[in-house]
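Q: Annotations for this protein, taken from Swiss-Prot, read as follows:
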DOMAIN    1-71  domain 'LITAF'
BINDING   7, 10, 59, 62  Zn(2+) binding site
REGION    22-45  region 'Membrane-binding amphipathic helix'
């Protein structure tokens, strides 16, 4: 969820841009599903579920990363 902030790099008042990136929880679930014998690539479904991914917040003006939220 984007947040309103003042960018410490460019000084502008911004609403952050959020990007979902695979993190430890995503890889852990993928590995667990693979080890328990899920076939036909079902283990890769973890990469399609945003609530399992980490979130990167960045400034829309200077494109710098402001915060990284780790799910695990």
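Residue numbering: from 1, along the chain as shown.
Cβ coordinates are placed from backbone N, Cα and C, and glycine is handled just like the others.
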Q: Return the residues near residue 62 (Zn(2+) binding site), defined as same-chain residues 6+ apart in sequence whose C-beta is under 8 angstroms from its C-beta, sorted by sequence, else 'none'.
A: 7, 9, 10, 12
Q: Could you list the residues of the same chain, at least six apart in sequence, whose Cβ is under 8 A from the Cβ of residue 59 (Zn(2+) binding site)?
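A: Listed in sequence order: 7, 9, 10, 12, 14, 16, 17, 66.
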Q: For the binding-site residues 7, 10, which one has its C-beta crowded by the most other C-beta atoms within 10 angstroms?
A: 7
Q: So, three-state DSSP: helix, strand or coil for residue 10 (Zn(2+) binding site)?
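A: Coil, per DSSP.
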